[in-house]
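**Q** What follows is a single structure, and I will ask about it in a moment.
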Amino acid sequence: MADLKPYIAKAASGEPLSLGDAKAAFDIMMSGQATPSQIGGFLMALRVRGETVPEIAGAVASMRSRMIPVIAPDDAMDIVGTGGDQSGSYNVSSCTAFVVAGAGVPVAKHGNRALSSRSGAADTLAALGINIEADADTIGRSISEAGLGFMFAPMHHSAMRHVGPSRVELGTRTIFNLLGPLSNPASVKRQLVGVFAPQWLEPLAHVLKELGSETAWVVYGDGLDEMTTAGTTQVAALENGQIRTFEITPEEVGLRRCSPAELKGGEAAENAKALLGVLEDKDSAYRDIVLLNSGAALVVAGKAENLKDGIAQAVQSIDSGAALAVLQKVIAVSNDKPA
């Protein structure tokens, strides 16, 4: 039986683990060969020292090797946040996913139940009538027929059950908060990823590059794990093998700046109603932040030349009813009915 103890000692001494060592350590944990105490000790040793790019990449490689995969087109993308920003905001990435799919980009959306908000992606999508526990074949069909499929993380990463109890008992952020957005079961190569703190922007962009992503924007929106219309968004963009950083304000792309209070969400039913309102073309601060994130996603997907062009395409996706049609098709296909 493999032993986690040498890796705990290495991490606790402040020594960084190589990608190979990190993968080996996570393989031990994810296969049920470590005790809850060992898992907790290892995770906190990494957290206190600060997780490195090779360690995150090794952990993701371990998760990806065990996941139940979903078949998606080569040009599919994911739009996802780490959660953990404590903002209680609307489900921006979920709504953005429908708008982007309505603009013609296949979306393989990976998500979970609430972490920092009162309603996570899975909670809100379930409230809209989507079967979040659909099997991999049904999700693949949803992506090809509706343009979007939702992959509920626990259904695809069952090995996480071995680390779940330790995470709950620790009650604080660990490396696993960073791994979900990097472990998409459809192995997409294009991502818009939101992070809960700005220090993770460049490291996660480097991890995505290390793991084979072609284009990605890692974003932090002034307290939100997405691009924001309530302040300045910081971006680390992976494009053509290079990583560059820049900032974006809503005004420079023609959007109204709002107050953080205007982006506050509620329970799943309330968030579902608000999401539907955006897709039904009701003007709101929520619509504006979705347009900003959709514009960025369309740039990442290679569908838009720049952010303003992407936002214009996002407006068209909503105004034409295409985004709402995607939602209706996903509800039908996920429940195994004709689209």
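Along the chain as shown, the residues are counted starting at 1.
Note: Cβ is positioned from N, Cα and C throughout, glycine not excepted.
Taken from Swiss-Prot, the feature 5-phospho-alpha-D-ribose 1-diphosphate binding site applies to Gly81, 84-85, Ser89, 91-94, 109-117, Ala121. Feature annotation from Swiss-Prot assigns anthranilate 1 binding site to Gly81, Asn112. Swiss-Prot lists Ser93, Glu226 with the feature Mg(2+) 1 binding site, giving sequence analysis as the kind of evidence. The anthranilate 2 binding site annotation in Swiss-Prot covers Arg167. Per Swiss-Prot, the feature Mg(2+) 2 binding site maps to Asp225, Glu226.
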**Q** Closest to Ser93 (5-phospho-alpha-D-ribose 1-diphosphate binding site): which of the binding-site residues Asn112, Arg167, Asp225, going by Cα position?
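**A** Considering only the listed binding-site residues, the nearest one is Asp225.
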**Q** Relative to the Cβ of Glu226 (Mg(2+) 1 binding site), which residues of the same chain, six or more apart in sequence, are found under 8 Å away?
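**A** The list for Glu226 (Mg(2+) 1 binding site) reads Gly81, Ser89, Val92, Ser93, Thr96, Gly194, Val219, Ile289, Asn293, given in order along the sequence.
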**Q** What's the CA-CA gap between Arg113 (5-phospho-alpha-D-ribose 1-diphosphate binding site) and the residue listed as 'anthranilate 2 binding site' in angstrom, rounded?
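**A** Answer for this pair: 15 Å between alpha carbons.
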**Q** According to DSSP, does Arg167 (anthranilate 2 binding site) fall in a helix, a strand, or coil?
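**A** Arg167 (anthranilate 2 binding site) sits in a helix per DSSP.
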**Q** Going by DSSP, give the three-state secondary structure for Glu226 (Mg(2+) 1 binding site).
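**A** Assignment for Glu226 (Mg(2+) 1 binding site) reads coil.
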**Q** To the nearest Å, how far is the Cα of Asp225 (Mg(2+) 2 binding site) from the Cα of Asn112 (anthranilate 1 binding site)?
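**A** It is 15 Å, counting Cα to Cα.
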**Q** Does DSSP put His110 (5-phospho-alpha-D-ribose 1-diphosphate binding site) in a helix, in a strand, or in coil?
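**A** Its secondary structure by DSSP: strand.
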